[in-house]
Amino acid sequence: MPLNVTVEEETLQIVEEEPQQEITNTILEEDFNLLDNSFQTDISSTSSQNDSKFTCLLVRHAESEHNVRGIRAGARIDSELTVHGYNQAKKLAKSIRNLDIVCVYSSPQKRAKRTAEEITKVANCPLYISDFLMEKDLGSLEGTSFRYTANYRPREPPMKVTNLESRDSLLTRARGFTDILFNEAIGFEGESGKTIVVVSHGIFLPFLLRAILARARTPLPSMIIPWNNASYCLITIDLGGNSIVKMNCNSHLRGIKRTRKLGSSTYDSKQKPITEFCSKLN
C-alpha cells in the first residue's frame, strides 16, 4: 500500500535546485545531527558479539525516459527506462556479479525495479520491494520541466508548489528502511563479505545514506556527491562501528554509447537485441 507522507506547501521565489546539484556540507551535518539524535538503537552494544562486516550498495536507477526529457518524476510518475538505461542496468549488473549478493531491495517504481531485476538475474538472489524506497513526492512539481524553472525570473509571479513531501517524511522513510537493512545484516551471524543491494532514486538516496551512517555511528563524508544514473555508493559497514564510503561509483559505465535514435526511446522488454537478430541470419 502507498505510504502516508507528510506534505508541505512552498512558494518558490528563486530557481529551484535540480536533484543532481551538489549538496553542501552544512546541510548534510544538520540532517546527520537530526538522524543521529533520533536513533535509539546503539549497534555498538552488539559489537562484542558480532564483528561482522557487510557491504551495502546504494544504487540509483538507470536512465529513465523522464531523465532524457528533462521532466521531474517523483513518487507519482512511474517512468520507464530508456533503451540506453537498460544497457546501463545490464552493465551495472555485470560489474558486481562477483560480489556475494544476498538480496536486492528496490523501490516499486519501474525505473528502479527494472534496474534491480537486471541485478537479480546475474546474482541469482531474491528481490524485495519496499515503498520506503520510493522517490520524493514532488507534489505539483511532478511532470514539470527543469527548463521551465531554469528560465524562471523573480519579476514573474511566485511559483506556488503544493503537496511537496517534507524532509521529515523523507527522513522517516529513510529510518524505516534502515531498520530493515540492519535487521537483515544481523542475520549474517558472524559472516563477513555479504552484500545487500538497494535500488532507489536520486533525491531519496542522500537521505538514506545519512540514515545508514547515523545508525552505524559513522561520520558523514565532507560532501555527498550526487548519484549518476546506474551508479552506486558503496558502504562497507562494520557492525563494530566503522564504515567506509565510496561515492558515485560509475566506472562500469565507461564505453557505453547511446544508440543513435533508439537510445533515448522507452525500453520495451519485448524488443530483441540486434545481435540476436543477426545470429539467426548466420
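Including glycine, each Cβ sits where the backbone N, Cα and C put it.
Summarising the annotation, Swiss-Prot assigns active site, tele-phosphohistidine intermediate to H61 and lists similarity to another entry as the type of evidence. Per Swiss-Prot, the feature active site, proton donor/acceptor maps to E135. What Swiss-Prot lists as site 'Transition state stabilizer' is H201.
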Completion exercise
Rounded Cα distance, in Å, between H201 (site 'Transition state stabilizer') and the residue listed as 'active site, proton donor/acceptor' is 5
Exercise for the section: Rounded to the nearest Å, what's the C-alpha distance separating the residue listed as 'active site, tele-phosphohistidine intermediate' and E135 (active site, proton donor/acceptor)? Just drop the number here, would you? Expected result: 11
Completion exercise
Sequence-ordered list of residues in the chain of E135 (active site, proton donor/acceptor) that lie 6 or more positions away and have a Cβ within less than 8 Å of its Cβ, or none, is A73, G74, A75, S107, Q109, S200, H201, G202, I203, F204
